[in-house]
Every structure is written in C-alpha cells, then in structure tokens.
Amino acid sequence: MDVKALTRILFLYIPLPMFWALLEQQGSRWTLQATRMNRNLGFIVLQPDQMQVLNPLLVLIFIPLFDLVIYPLVSKCGINFSSLRKMAVGMILACLAFAVVAVVETKVNEMAPPQPGPQEIFLQVLNLADDEVKVTVVGDDNNSLLPESIRSFQKMPHYSKLHLKTKSQDFHFHLKYHNLSVYTEHSVEEKKWYSLIIREDGESISSMMVKDAENITTNGMTAVRFLNTLHKEVNINLGADISLNVGEDYDVSAYRTVQIGEYSAVRCKTEDDDFLLNLGLLNFGAAYLFVITNSTRQGPQAWKTEDIPANKISIAWQLPQYVLVTAGEVMFSVTGLEFSYSQAPSSMKSVLQAAWLLTIGVGNFIVLTVAQFSDLVQWVEFTLFSCLLLLVCLVFSIMGYYYVPLKSEDIQEPAAKKIPHIQENTINLETKNTKL
C-alpha cells in the first residue's frame with residue numbers, strides 16, 4: 001500500500017522537470033542577459049549575478065504574503081484553490097516570467113550593434129586630418145560612404161555596410177582632400193568591423209585600416225584602446241595595475257577591458273613629459289577609441305569615439321521577471337512539497353524527497369541539452385521555454401483533474417493495524433504530537 005501510494009505521486013512528478021528548467025536559468029541565462037544591461041541604479045552599481053539576491057528575498061516576503069493574505073482572499077471568493085491548482089498557477093506565472101524575459105531580450109538586442117553577415121563588413125571613417133575629406137569606394141558603383149565630406153575629427157553616426165564579392169578582397173578608396181586626389185587600397189575580411197583612419201602625411205594625406213572590436217564587451221565591462229598621433233611613445237596608466245604603451249606616429253594599441261566609471265585624470269608619460277588625460281565616463285558594455293592629439297596649447301588631449309555603444313537598457317527591467325518567477329516558485333515548490341508529504345506514507349517520505357530533487361536535476365539537464373544543441377536566437381529560446389511549460393502545465397492540469405487525493409486516515413490505517421494493543425496509548429500520543 002505504501003509503494004502504491006508513492007507511485008501515484010511519482011506519476012504526477014513526470015511533468016515537473018520543465019518548471020525547474022525555467023527556474024534554474026536565473027543563474028545562467030538571466031545573469032548573461034544582465035551583463036548586457038546598464039547596471040547603474042543611481043544609488044548603487046550592481047554586478048550581474050547580484051540580481052539573483054532578489055529570488056531568496058522575495059521568497060521570504062511571498063511565503064507569508066500568500067499564506068496570510070492571498071490564499072484566504074481566494075477562499076473567501078468561493079474558489080477551491082487546491083494544492084494541484086496552486087502548482088498549475090505557479091507554472092503559468094513562470095511562463096509569464098519568460099515571456100517578459102523574451103521582451104526584455106529583444107529590447108537589449110535592439111540596442112546592440114548590428115552584426116555583419118556573410119560577404120559583408122562594417123566600416124567607419126575617422127578623419128584625423130586638419131580639413132574635410134570626401135571618401136568614395138572605387139568599384140562598380142563608386143559609392144560614397146557618406147553623402148557629404150567628412151569633417152576633421154567628426155564623430156561618425158554609425159558604421160557603413162559594404163558588400164564583398166568574396167570572403168576577403170581588396171577595397172580601393174578615393175580620398176579627395178583640398179585639391180588633391182589620393183587613391184588607397186586595403187584588404188578586408190567578411191563579418192568584421194573596420195575603421196579607415198585618415199591622417200596627415202606632409203601636405204597630403206594617407207590612410208590606414210584598423211580592425212575594430214568584435215564582441216569584446218560581452219562580459220559587461222568597458223573596453224578602451226588608444227591611437228597615438230604624437231611623435232613619442234606614450235605610457236598610459238589606467239589604474240588597478242592596468243597600463244599600456246602606445247607607439248609613436250599613429251600606433252594603435254590593443255583593447256583593454258577596464259572597470260566602468262569616471263576617468264577624469266588618467267596619468268600618462270612620455271620619455272620627457274608627464275600629462276593627464278580626461279577620458280570622461282566609461283559606461284557599461286561600450287568600446288572606446290581615444291585619439292591622443294597635441295593640437296592645442298593645453299597639451300595632449302584625448303578625442304573620444306565609440307566603437308560599440310554603451311548599454312542603455314537598465315537592469316531594473318529584470319525586476320518584473322524575478323517577481324513573476326518567484327511567485328511561481330512559491331506556489332509551485334512550497335505547495336508541491338506540502339502536497340507530496342501529505343499524500344506520502346511515513347516510510348516513503350525520504351524516497352519522495354529524492355524523487356523531488358531528481359526532477360530538479362532533470363530540469364537542469366533539459367537546459368544543458370537545449371543550450372548545447374540549439375542554434376536559436378536567445379529571445380526565441382526564451383519564448384520556446386515559455387510555450388513548452390505552458391503545454392506541460394496543460395498536461396499536468398489534466399493529470400491533476402483525475403487524481404484522487406488520499407485521506408490522512410487512509411495513509412495511517414495500514415501502520416495502525418500493526419500496533420500492539422499494549423502500546424496503543426503511547427503510540428497514539430506520539431502520533432498526535434507528530435501531527436501537531
């Protein structure tokens with residue numbers, strides 16, 4: 001009879017792993033989403049994994065709130081809110097949470113820079129000459145990168161998309177500067193970002209092609225690199241034991257990731273001079289290029305441009321999804337354990353706990369499998385999980401509709417018959433204390 005009662009409950013456990021597949025993504029997919037968001041809340045700057053503190057905090061708030069307020073109100077409305085119905089509602093709340101996650105993910109993706117496709121590149125032009133330059137791609141169409149000439153130290157609004165005929169090819173550019181026409185050639189590869197840097201070369205101009213950042217700020221930090229127009233090598237100290245050397249005459253450093261924040265006085269030195277550079281605010285997820293110039297009487301200055309824009313979606317937009325999934329967890333997990341223990345014989349409660357933990361393990365395995373073999377876009381994957389749990393919730397509701405709950409006296413009856421008459425009073429006292 002004990003085994004029979006256990007198998008009836010284990011049958012209801014079959015759909016449960018899908019709920020855990022969604023819940024356990026708080027520490028993986030949701031944290032990765034937080035790395036691409038602006039974590040500055042004004043009064044505090046959060047780390048991506050610190051948002052997970054909301055889950056246990058909300059659990060402590062929701063358990064008494066549901067038991068003392070929400071459930072009694074539902075009962076007063078004449079609704080029979082059984083344990084299985086509470087678990088089904090918990091699944092629906094988790095579905096809604098992942099629908100919110102998918103919406104937030106689409107908004108984050110809208111702010112992300114576009115990705116070049118096959119036989120495509122993205123190109124921006126940085127004019128470091130002292131006057132405007134007209135840049136034209138020499139080829140079949142002779143397309144201008146911009147309809148107007150590029151002014152000196154003009155910040156480009158966006159990258160221009162260029163199409164390649166093969167995976168890699170040479171591009172020819174026509175640079176019109178004053179009354180001069182300069183032709184230059186550079187080799188590029190598909191699916192890359194490039195900066196065409198125009199510089200003075202005596203009375204004429206020349207150009208150099210530099211490969212830009214490629215998903216270097218996915219961890220949520222900010223990345224910087226420097227272009228040195230001085231005739232001396234510059235050593236730059238960014239603090240926290242981060243320093244780099246930039247060679248003379250338009251040398252470009254590699255990207256270095258640094259902490260976000262205000263960098264108003266960065267110490268720099270050459271072989272015969274020390275000076276400070278004001279880099280301004282380095283924001284979440286951005287990649288910056290700083291051009292060190294000496295065109296003013298105030299000494300070397302840093303001209304700032306963004307290779308990758310900063311994250312603009314606040315991490316506070318993750319709060320609704322945490323509220324929904326935690327409410328679902330309280331209704332599903334707490335109620336599910338309570339229901340299982342009320343239906344299981346005393347001799348099977350440990351086995352039942354092991355089976356409950358096994359459903360959590362299977363849920364994690366589902367997430368691992370989808371992450372390993374799925375090539376879906378992230379917001380589509382979130383939507384897929386939401387739809388799957390909604391389908392599983394429907395199946396669980398049908399199973400719960402036909403489930404006949406066992407009464408407590410039916411569970412205790414077989415064990416009570418085996419109690420010797422001489423120990424009846426003692427055992428009954430122990431049973432009453434256990435129930436209390």
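Please read every residue number as a count from 1 along the shown chain.
A Cβ is built for glycine as well, from the same backbone N, Cα and C atoms used for every other residue.
Since this is a predicted model, take the numbers as computed values, not measurements.
Listed in TrEMBL:
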TRANSMEM  6-23  transmembrane segment
TRANSMEM  53-74  transmembrane segment
TRANSMEM  86-104  transmembrane segment
TRANSMEM  275-293  transmembrane segment
TRANSMEM  319-339  transmembrane segment
TRANSMEM  351-371  transmembrane segment
TRANSMEM  383-404  transmembrane segment
Looking only at residues six or more beyond either end of the transmembrane segment (86-104), which have a C-beta under 8 A from one in the stretch?
19, 22-23, 29-30, 33, 313, 317-318, 320-322, 324-325, 327-333, 335-336, 339, 379-380, 382-383, 385-387, 389-390, 392-393, 396-397, 400
Given pairs 6 or more apart, does the transmembrane segment (383-404) have at least three Cβ pairs under 8 Å with the transmembrane segment (275-293)?
no
Touch test for the transmembrane segment (6-23) and the transmembrane segment (275-293), at least 3 Cβ pairs under 8 Å:
no
For the transmembrane segment (319-339): best-contacting stretch of 53-74, 275-293, 351-371, by Cβ pairs under 8 Å:
53-74
